[in-house]
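TrEMBL annotations:
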type     : residues : note
DOMAIN   : 1-203    : domain 'Heparan-alpha-glucosaminide N-acetyltransferase catalytic'
TRANSMEM : 35-57    : transmembrane segment
TRANSMEM : 69-89    : transmembrane segment
TRANSMEM : 95-114   : transmembrane segment
TRANSMEM : 121-139  : transmembrane segment
TRANSMEM : 167-188  : transmembrane segment
TRANSMEM : 200-220  : transmembrane segment
TRANSMEM : 263-289  : transmembrane segment
TRANSMEM : 296-321  : transmembrane segment
TRANSMEM : 333-351  : transmembrane segment
Amino acid sequence: MDAARLAAILGMFAAHIFSLYERGPEGAYSPTFTGAVAAGRASVLFMVLAGVSLTLLTRSLARRGFSNPKVYSVLALRASIIAVLGMLIGPSNEGIAVILVHYGLLFLLLPLALRLSRTTIWVVSALWLLIMPILWRPLAHAWEGQTLGHNPTFLDLLTPGLLLKDILVTGYYPLMVWVGFGLLGIALGRTSLASPATAAKLAAGGAAAALTTLALGWAATSRFTEQIAAAVRIPLDDVGALVAAGRLPRVSLDPLLADPSYIWLPTAHSTSLVFTLHAAACAVTAIGLMQLVVPLLGLVGWFLAGAGRAPLTLYAGHILVLPLMQDYLPPMAIWWILCAATAALGLWLGFTKSTGPLEYVVRVLSGADSEPPGRGASAPPSR
């Protein structure tokens with residue numbers, strides 16, 4: 001799981017550093033490697049892993065003797081701290097859609113699903129990912145333009161209606177759909193992830209679903225490229241780049257929200273049905289592969305796991321430092337600086353067997369490090 005978290009973080013680093021598209025010598029746009037591969041998928045993996053982490057944390061607290069109310073108290077505090085952190089650092093970098101407020105709210109909502117049986121949570125997560133993107137599209141069209149236009153802050157609490165619309169429907173990570181990724185994570189957390197057989201099934205099944213949905217999306221989209229070009233007013237040659245990367249200069253796919261064919265777009269952050277299913281399948285594939293491969297890597301696997309124990313620290317840190325570097329350094333230099341910092345942190349955490357600084361703060365403030373009743377120093381000795 002730690003290595004999968006690292007993969008998600010590095011994917012988001014890439015999406016935030018490198019351009020998602022480039023212009024060829026003839027003037028036509030094409031997606032970059034980052035735009036075609038990392039964009040959208042890394043943040044979905046991050047959200048799916050949130051659900052897995054929630055399941056594992058809940059199980060760990062229960063084993064330590066925490067009562068159900070205390071477990072939910074820890075989870076609620078954890079969610080609130082992460083959301084507050086997101087509101088604090090979001091304004092420092094408006095060039096990036098900071099995910100932490102949504103991540104925190106996901107932690108606040110998902111505990112409601114923890115009492116569901118293994119079969120039920122699989123069914124609920126599958127239905128959520130199938131149905132919600134279809135219901136989301138007309139709602140997003142009806143509320144088009146009703147967004148914050150910036151990362152959520154404390155001042156936005158003064159306009160709660162707009163804030164809720166942005167977080168649930170019209171923003172970059174609409175929880176109306178993205179809750180499904182967290183539910184999928186809970187379902188995965190209920191499986192025997194440590195079993196190579198289970199990991200192999202997840203990797204193979206996820207890869208098959210990812211390839212199928214991607215092929216289906218492109219096949220369907222190829223039938224209405226002229227419609228897309230007319231709706232967003234771009235040359236026909238640029239439609240492929242727009243669909244792959246999700247945006248071009250001063251161009252987005254929002255005008256297509258009114259058309260039911262929108263659900264077939266294989267486009268990152270489109271919240272279309274096809275991309276929602278595709279991104280979920282990619283996340284399952286990544287988790288399955290990491291569970292299979294990392295134990296075989298020896299010291300390399302140990303290093304990857306160490307760096308992955310600080311996802312919150314790495315994410316928040318890069319949000320804060322990117323504005324300081326982007327005006328002075330080329331993207332590739334920034335990439336290697338962040339990778340070097342991640343490697344150094346991974347080595348430190350690997351040797352010390354600890355978690356990242358922000359992870360430690362969240363754990364302490366949420367009460368996850370406290371002793372459950374009857375287990376503290378004041379408890380009478382057992383006989």
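Note: Cβ is positioned from N, Cα and C throughout, glycine not excepted.
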Exercise. In terms of Cβ proximity under 8 Å, which residues at least six beyond the ends of the transmembrane segment (263-289) contact it?
Worked result: 1, 4, 7-8, 35, 39-41, 43-45, 47-49, 52, 129-130, 132-134, 136-137, 140, 172, 174, 177, 180-181, 184, 188, 193, 199-207, 209-210, 213-214, 216-218, 220-221, 242-246, 253, 256
Problem set entry | Tertiary contacts of the transmembrane segment (200-220) (same chain, 6+ residues out, Cβ under 8 Å) | 188, 191, 193, 243, 261, 264-266, 272, 274-275, 277-278, 281-289, 291-292
Problem set entry | Spatial neighbours of the transmembrane segment (296-321) far in sequence, C-beta under 8 Å, 6+ residues away | 1-9, 12-13, 16, 46, 49, 82, 85, 89-90, 92-93, 96, 98-100, 338, 341-343, 345-351, 354-359, 362
Exercise. Which of 35-57, 95-114, 121-139, 167-188, 333-351 has the most Cβ pairs closer than 8 Å to the transmembrane segment (69-89)?
Worked result: 95-114
Problem set entry | Long-range Cβ neighbours of the transmembrane segment (167-188) (under 8 Å; 6 or more residues past either end) | 43-44, 47-55, 97, 99, 101-102, 105-106, 109-110, 113-114, 118, 121-122, 124-125, 128-129, 132-133, 135-136, 139-140, 143-148, 152, 202, 269, 271, 276, 279-280, 283-284, 287
For this session: For the transmembrane segment (333-351), find every same-chain residue at least 6 residues outside the stretch whose CB is under 8 Å from a CB in it, and list them.
Result: 6, 9-10, 13-14, 17-18, 302-310, 313-314, 317-318, 321-322, 325-326
